[in-house]
Every structure is written in structure tokens, then in C-alpha cells.
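According to TrEMBL, the features are:
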| type | residues | note |
| --- | --- | --- |
| TRANSMEM | B:6-24 | transmembrane segment |
| TRANSMEM | B:31-55 | transmembrane segment |
| TRANSMEM | B:67-89 | transmembrane segment |
| TRANSMEM | B:101-118 | transmembrane segment |
| DOMAIN | B:118-414 | domain 'NADH:quinone oxidoreductase/Mrp antiporter transmembrane' |
| TRANSMEM | B:124-142 | transmembrane segment |
| TRANSMEM | B:154-179 | transmembrane segment |
| TRANSMEM | B:239-258 | transmembrane segment |
| TRANSMEM | B:270-292 | transmembrane segment |
| TRANSMEM | B:322-348 | transmembrane segment |
| TRANSMEM | B:369-391 | transmembrane segment |
| TRANSMEM | B:403-423 | transmembrane segment |
| TRANSMEM | B:444-466 | transmembrane segment |
Amino acid sequence: MPVNDQLLSLACGLFLLCAVGVLWRRELTALIGLLTLQGAALAGIAVLLALDDPHPEALAVAVAVGVLKAGVLPWLLRRILARVPAARETAPLVNVAASLLAAAAMTLLAYAAARPLVDLAPAATARAAPVGLAVVLIGFFLAATRRRAVSQIVGLLLVDNGIAAVAFLATGGVPLVVELGVSADLLLAVLVLQVLTTRLQAAFGDTDLDDLRELRDR
Amino acid sequence: MTSTLPLFVPLAAPLAAALTTVAAGRRTGAWAGVGAAAAILAAGVALATNGSAAVSAGLLRADALTAFMLIVIGAVATIACWAGVHQLADNAETPAAARRYLILVQLFLAAMSLAVLADNLGVLWVAVEATTIVTAFLVGHRRSRASVEAAWKYVVLCSVGIAIAFLGTACVYAAAVAADLHGTAALNWTHLTGHAGALEPDLIRLATGLLLLGFGTKAGLAPMHAWLPDAHSQAPAPVSALMSGVLLSVAFYAIWRYKPIADAVLGPGYLRVLLLVAALASLAVAAGLLIAQQDYKRMLAYSSIEHMGLIALGTATGSRLAITATLLHVLGHGLSKAVAFCGAGHLLRLSGSSRIAAVRGLAAQRPGLAACLGLAVVALLGLPPFSLFASELAIARAGLAAGQGWAVAAAFTLVLVAFAALARNGTAMLLGPPGSLPAGEARPGAAAVVPLALGLAAAAVLGISLGPLQDLLHTAATTVTGGR
């Protein structure tokens with residue numbers, strides 16, 4: 001089904017571009033917008049795979065993923081931003097140009113690391129799985145090099161989106177009960193981080209993670 | 001047909017205790033929590049007496065290893081919750097905060113029980129991640145700057161770490177799908193071990209590395225341990241006891257579940273090398289940071305990293321003797337560390353500071369508490385009659401027998417360094433001329449010391465004779481070694 005294949009490639013490309021865009025933009029609202037778009041792309045991947053091999057369970061999972069990742073989680077992030085108005089920008093430790101170069105390097109690395117996954121290829125779609133891995137690595141990079149609490153949460157969500165993409169592309173999606181559990185965990189984790197961000201703000205007067213230096217071994 | 005009731009008790013009892021807390025308030029709820037912990041212990045014992053036959057129902061399954069882990073969870077939780085009852089009586093908290101604390105502790109117990117009861121490796125992952133979520137607010141319970149910081153680092157680092165483990169799980173699933181396993185069954189441990197021969201080695205190699213990295217983060221193995229000293233030192237004492245005594249081992253349990261699969265596909269060498277590196281790194285980190293440690297709760301946290309290093313060493317050796325010793329080590333460490341952390345909690349409330357230098361000559365001022373803390377430290381040092389002595393000796397013997405002399409030598413040199421540091425700090429705090437504790441009421445009273453003494457007695461009895469546990473340990477070890 002060539003149209004379907006092209007749409008899948010489009011969704012995968014959009015998925016990766018959103019992750020790179022997250023490194024490029026500095027305003028946190030733009031980051032959340034990109035994350036929403038990426039969630040939609042992920043849901044698109046899931047829907048296309050589900051249509052390939054029509055299965056009501058897979059379609060339900062795809063819709064649920066879309067609602068969670070393009071709807072609920074970005075909404076939660078916006079609420080966090082509304083509560084910590086001081087932090088509008090990401091304050092990167094590594095400048096944007098270097099970040100983008102790193103993203104390119106990580107994408108190459110992802111293609112190298114995903115070889116066993118691609119070779120095995122239970123489905124032809126596994127060829128696109130390195131895209132997911134690249135997003136995982138970009139997410140790690142983001143969480144490690146951005147100082148705002150919210151951008152660390154965005155990094156965490158990128159990692160999770162990437163893993164979900166790998167799971168969809170390489171295997172057609174993990175079993176329903178596991179997917180439900182994973183989604184519930186993710187939602188709760190973001191809720192917990194939301195509360196903790198508010199408490200960070202209350203305790204430190206800021207959400208700059210460089211201030212977190214109470215605990216160390218002297 | 002054996003009864004499947006003990007499969008559900010470890011999940012239902014903590015939830016019931018949480019509901020009791022909602023309905024009947026904190027005093028009743030605290031004791032209900034102790035009851036739930038005891039129920040988990042009882043369920044573990046009931047499953048253990050079934051013999052080697054596994055019991056399963058739906059997504060839940062219990063073999064000897066599960067039964068043993070339930071016993072560890074139940075035993076440590078009983079001590080921690082019981083000690084928590086007395087701590088609760090002391091703390092000037094709002095009733096709402098105390099209730100929330102009790103409910104979260106019970107959810108924590110339920111999540112850990114689910115992790116060891118799950119047959120499905122995906123559900124195992126979900127349960128381990130759930131423990132992070134419910135403990136986040138327990139770590140940040142005091143809302144001070146330090147504890148909010150610890151909670152933030154804990155959630156972010158552990159969520160990222162455990163996400164890596166999920167990538168590993170997805171790789172295992174991909175391998176299973178390629179080997180014509182389908183749906184939920186494709187992640188069932190029983191199915192995977194049965195079909196290990198058909199799994200793609202390259203993919204399992206990738207998955208094993210990711211899984212060790214991911215669950216290793218949660219198990220506090222170096223170099224992924226950065227969150228551990230912060231979280232364990234900031235959490236309320238009973239929670240530290242649970243996190244240190246059982247949560248680390250529950251995360252390690254996931255590695256034990258994947259070990260027979262990885263070994264069957266890749267041969268035992270691959271995981272062994274990875275585990276040896278993690279073991280020696282953990283021991284080195286722990287020994288190095290114990291020497292100059294000035295905070296006694298952090299000291300206990302680093303001692304946990306040391307013991308997880310030993311557990312990784314025993315698992316790396318992988319013989320039946322080594323795994324048996326490792327399992328015993330898990331139980332012995334859980335009991336001793338729970339007593340040590342709960343004792344440290346009492347001490348923190350007495351002295352108002354967690355600095356080692358702030359406590360001097362405790363034996364002269366609070367003999368009961370000092371005896372418990374002192375004996376717990378002796379147990380953690382690996383001295384007889386406590387069971388850690390026997391298990392450390394057996395881990396070393398098994399390592400030597402497996403031809404890993406250099407690793408054992410390096411590991412136990414580091415253990416010796418940690419021993420010296422812990423012993424020096426312990427003596428300074430307990431013996432010698434009394435310092436100046438603020439003259440408060442005589443808490444902890446005798447009743448508060450009872451659970452601690454009970455834990456120490458159990459650790460000592462295990463050191464002298466395993467009794468009926470012997471068979472269980474052997475059967476459980478066979479599960480991990482993959483029948484060899």
C-alpha cells in the first residue's frame with residue numbers, strides 16, 4: 001500500500017523533526033507546541049500501523065496514545081508553565097548550534113545502534129525504528145543540558161515518545177495491558193513532577209535546576 | 001490444585017489498609033498497615049510451603065523466587081511499618097499529612113508485591129515504575145528545600161533510568177514477536193524462558209544491556225546511583241528502610257528474571273561481565289564515599305550501594321551456591337538495614353541533626369536505642385552471628401570456585417575499606433564520652449525498640465541456621481540459574 005507507506009514516512013519524519021525543533025527553540029511554550037505535534041505524529045504512526053493490519057485493539061491503543069500525548073500531557077505542561085510564570089526560556093547549558101550538531105550525531109548513532117532491530121524486521125516498518133531511538137537520545141541530551149524544570153520534563157517525555165515509537169515500529173506495539181500500564185505510569189509521573197515543580201518554586205523561589213545544590217557529600 | 005488466594009493477598013491487604021486509613025484515621029490506619037505487611041509475609045510463607053510448584057492466575061504467577069521476595073518484602077515492611085507507628089506518635093504532623101503518608105506507604109507495598117508477582121515482564125516494568133511514582137511524595141514528605149530537591153532528582157533520574165529498561169523490554173518483545181510468540185504471552189516470563197532458544201541473539205544482547213542499565217539505576221548500582229544517597233537520606237526513616245531494604249532488591253529481582261533468558265540465548269559470559277563491572281564500580285563508589293562521610297543517614301545509604309554491589313557480584317558468579325548466598329544476602333541486608341534506618345530515624349529526632357559529629361557517646365545516654373543501632377551496624381559490617389556474615393562468605397567462596405579470584409579479591413578489599421569507615425563512624429557515635437543530646441523526653445520508649453530488636457533477632461537466627469528457608473532458597477536459586 002504505497003500511499004500508506006508514504007504517510008508513515010511522513011509521520012516518522014515529522015516525529016524526528018519535532019525533537020530537533022525542541023532543541024532549536026528556546027521558549028517553553030514553543031517546546032510544548034512541538035511536543036503536541038510530536039504526540040500527534042506518534043498517534044499517526046500508531047493509526048497507520050493499526051490500519052495496515054486491521055485490529056480493533058490496536059486502533060484503540062493508537063487513539064488512546066494520541067489523546068494522552070497530544071492532548072493531556074501538553075495540557076498538564078501548560079498548567080505547570082502557568083504556575084511558574086518566571087521561567088519562559090529554557091536557559092541551555094550548550095548553545096543551540098552545538099545542540100543541533102549533537103542531534104545530527106545522535107541520529108547517526110541511533111541508526112548504527114538500531115541495526116539488530118532493523119535486521120530482524122518482523123515488519124518492514126522496523127526500518128524506521130532508528131527514528132525512535134534518535135528521539136530517545138535527543139531526549140536524554142535535552143534533559144541533561146537544559147536547566148529549567150519544565151525542559152527536563154519535556155526531555156523525559158521525548159525519551160518516552162521515542163521508546164513508544166520504537167515499540168510501535170519494530171513490533172506493532174506492546175500488548176494492550178502493558179501499554180495501558182505504561183500510559184498510566186507516564187501520566188502519574190508527569191502529575192508528580194507537576195506538583196514537585198510547584199514545590200521547587202515554593203522552596204527555591206525559582207525552577208532553575210542549578211539551584212539544586214543542598215545535597216552533596218562534603 | 002493449590003489455592004491461588006496467596007497471590008491476591010499481597011495486593012489486596014495493603015489496599016485494604018489504605019482504605020482503613022481513609023475511613024478510620026491515622027492511628028488505626030498505622031496498625032492496619034502493620035497488619036498488611038504481616039499479611040504479605042504470611043502470603044509469602046504460604047506460597048513457599050507449596051514446594052516447587054508454581055501457582056498462577058491470569059497475569060500473576062508465583063514460584064519459589066516470588067515467594068522468597070514476598071517474604072523479604074513482608075518481613076522488612078513489618079519492621080518498618082511497626083517502627084513507623086511509633087514515629088507517627090512522635091511527629092507533630094497534621095492529620096492529613098500523616099494519612100497521606102500512610103496511604104502512600106501501603107500503595108508502595110502493593111506496587112512492590114505486584115512487581116514480584118507479575119508473570120508478564122511488561123507488567124513487572126509497570127510495577128517498578130509505579131514504585132517510583134508513589135515514593136516520590138514520600139521522599140519529599142518533609143517539604144524542606146533538601147527533601148524537595150531529593151524528590152526531584154529521584155523522580156527524574158529513576159524515570160529516565162527505568163525508561164531505558166522499557167526500551168530493553170520492547171527489544172525483548174520484538175525478539176519474541178520475531179520468534180512467533182504473540183500478544184500478552186510474548187512477554188510472559190514462563191513463555192520466554194521456554195522459547196529462549198528461538199530468540200534473536202543480537203537483539204537480546206542489546207536488550208540485556210538496556211535492561212541492566214535501566215533496572216540497575218533503580219537498584220542503585222554505580223554509576224547510575226546518583227539519586228540514591230539523596231533520596232534515602234531525605235525520606236522519613238521507615239520509608240528509607242523500605243527503599244533501602246527492599247525496593248533496591250525488587251529492582252534487582254527484575255535482573256534475576258531476565259538472567260536465565262539472557263544466559264540461555266547469549267551464554268553466561270555476557271551478563272557476567274556487565275554485572276562484574278557494575279559490582280566493582282558500586283563497591284568502589286561506596287567505599288570511597290563512606291571514608292569521608294559526615295552524615296549518618298547518607299552513610300547508611302552508601303552502605304546500601306556497597307551491599308547491592310555484593311549482590312551484583314554474587315549474581316555475576318551465577319552458580320547455585322552464589323545465587324543462594326545472594327538471596328540470603330538480600331534478606332539479611334533488608335532486615336539489618338531496616339533496623340539501622342529506623343534507629344537512625346529515632347536518633348535524628350533526638351539529636352535534631354543527621355551529622356555524625358553531632359552524636360557522641362549515645363550508649364551512655366540512650367542504651368536501648370544505641371544497642372539496636374550498634375548491633376545493626378555490626379550486622380551490616382558482616383560480622384557473626386548475623387546472616388550477612390554467612391552470605392558474604394558464601395558469595396566469596398562461590399566466586400573463587402568459579403575462577404573469579406581477581407574480582408573477589410578486588411571486591412572484598414573494597415568491602416574492607418567500607419568496613420573500616422563504617423566501624424569508625426559507628427564507634428564514634430555510640431561509644432566514648434557522652435555528648436550533649438538535647439534533654440527531651442525519654443523517647444523512643446521501650447515499645448518503639450521492640451520491632452528493631454525483632455528484626456535483629458531474625459537476622460541473627462538466619463545467621464545461625466536457615467531452617468526451613470534452606471529448601472526455598474535452593475529452589476529459588478535454581479529459577480535464577482535457569483535449572484543448572
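Each residue, glycine too, has its Cβ placed from N, Cα and C.
Keep in mind the model is a prediction, meaning the values are calculated, not measured.
Only pairs six or more apart in sequence are counted, and the transmembrane segment (B:67-89) with the transmembrane segment (B:154-179) gives fewer than three Cβ pairs under 8 Å, not enough to call it a contact. Stretch with the most C-beta contacts under 8 angstroms to the transmembrane segment (B:239-258), considering only B:6-24, B:31-55, B:101-118, B:154-179, B:270-292: B:101-118.
By the count of Cβ pairs under 8 Å, the stretch nearest in packing to the transmembrane segment (B:369-391) among B:101-118, B:124-142, B:154-179, B:444-466 is B:444-466. Residues 205, 208-209, 212, 216, 220-223, 225, 229, 255, 259, 262-263, 299, 302-303, 305-306, 308-310, 312-313, 315-318, 404, 407, 410-411, 414-415, 417-418, 421-422 of the same chain sit 6 or more residues outside the transmembrane segment (B:270-292) yet have a Cβ under 8 Å from a Cβ within it. Residues 30, 32-33, 35-36, 39-40, 42-44, 46-47, 55-57, 60-62, 70, 73-74, 99, 102-103, 106-107, 109-110, 113-114, 117 of the same chain, all 6+ positions outside the transmembrane segment (B:6-24), place their C-beta atoms under 8 angstroms from a C-beta of that stretch.
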